[in-house]
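J.: According to TrEMBL, the domain 'Glycosyltransferase 2-like' annotation covers 3-170. For 233-258, 264-291, the entry in TrEMBL reads transmembrane segment.
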Amino acid sequence: MLSIVLPAYNENVNIMKAYHAIKKIMENAEIPAELVYVNDGSKDNTWEEICTAAKLAKKEKSDAIQVKGINFSRNFGKEAAVLAGLANASGEACVVMDCDLQHPPETLVEMYSLWQQGYEVVEGVKRSRGKENPIYKTGAKLFYRLMTKATKIDMSRASDFKLLDKKVVKSILSMPERNMFFRGLSAWVGFKKTEIEFDVQEREAGESKWSKWSLVKYAVKNIAAFSTAPMQLVTIAGGLTFFGAVILAIQTLVQYFMGHAVQGFTTVILLLLIIGSVIMMSLGIVGYYIAKIYEEVKRRPVYIISEVIHN
Ligand code: UDP
Ligand code: MG
């Protein structure tokens with residue numbers, strides 16, 4: 001059986017659409033599937049829609065499709081919803097996809113057949129990114145370039161649309177980290193992997209949940225979660241500044257002995273400014289990592305489930 005994990009936040013209009021679209025394709029391809037909807041603390045009636053889908057699946061008594069629903073006690077974020085879905089999936093393979101149908105369900109069949117050929121990870125990569133505004137596009141490009149440099153794992157065309165074998169799911173779930181970057185982690189675990197291209201579709205309905213600011217925060221969080229490169233950068237910057245400072249100190253001393261000490265005033269001000277700013281920057285970055293450590297050691301659950309339904 002194939003499990004399909006669908007994180008949903010304020011997607012009431014898309015729940016049934018996704019159900020019908022996926023069901024049709026799974027029935028045609030004769031792949032028994034299980035839909036695992038995770039309601040990530042939606043403010044609309046997404047949960048009621050999920051219950052409706054489960055009831056419908058029960059009534060239709062289709063062998064092709066089963067519906068599971070998981071209800072979070074509040075919004076925990078997409079990453080948490082994906083984890084919860086994977087933890088509650090019972091299929092031999094799991095696909096994670098958005099339930100706004102931006103990830104074309106037709107691709108599921110190809111993913112499934114690649115899995116049958118023995119691949120344990122089938123990454124959906126974006127052939128085209130769909131309609132996006134240019135600022136967002138540039139930001140995303142920059143983020144992925146940084147990530148690729150920092151982690152040595154190419155994620156430039158990665159998406160959250162992917163099929164994972166049960167083994168891979170198990171290894172991801174066994175990771176103790178709280179701040180996880182799903183896109184990066186599934187590349188990091190290794191396993192026998194292949195790619196499949198897809199075109200990002202237009203959103204069926206509703207609107208994107210990502211504000212500009214939340215995207216910036218997402219980028220910073222994931223760079224920190226996946227690499228210590230920013231800390232190394234600061235250390236190097238610190239070393240270079242120190243080198244410059246030594247040269248300037250020698251020059252100041254020479255000036256002093258030659259009796260032109262007042263001229264050094266500019267240098268002092270400059271030094272103060274430069275060193276001050278470097279120290280502040282370093283403290284900020286170190287502090288950021290400490291905050292992350294704090295979050296990890298608290299060992300809080302990544303999500304809290306309030307209800308589970310099953311048809
Ligand atoms: N999502 C979620 N929790 C959140 C935000 C988003 O479960 O806090 C889900 C959302 O319902 C959708 C998927 O994550 O199924 C992708 O979100 P969205 O379509 O808003 O992102 P975009 O496609 O614009 O990158
Ligand atoms: Mg979307």
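Our numbering is plain: 1 for the first residue shown, then up by one each step along the chain.
Quick reminder: no glycine exception, Cβ is built from N, Cα and C everywhere.
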J.: So if I exclude everything within five residues of the ends of the transmembrane segment (264-291), which remaining residues of that chain have a CB under 8 angstroms from its CBs? That is, six or more out.
T.: 220, 224, 228, 230-231, 234, 237-238, 241, 244-245, 248, 251-252, 255-256
J.: Find the average pLDDT over the domain 'Glycosyltransferase 2-like' (3-170) in the predicted model and report it.
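T.: It averages 87.
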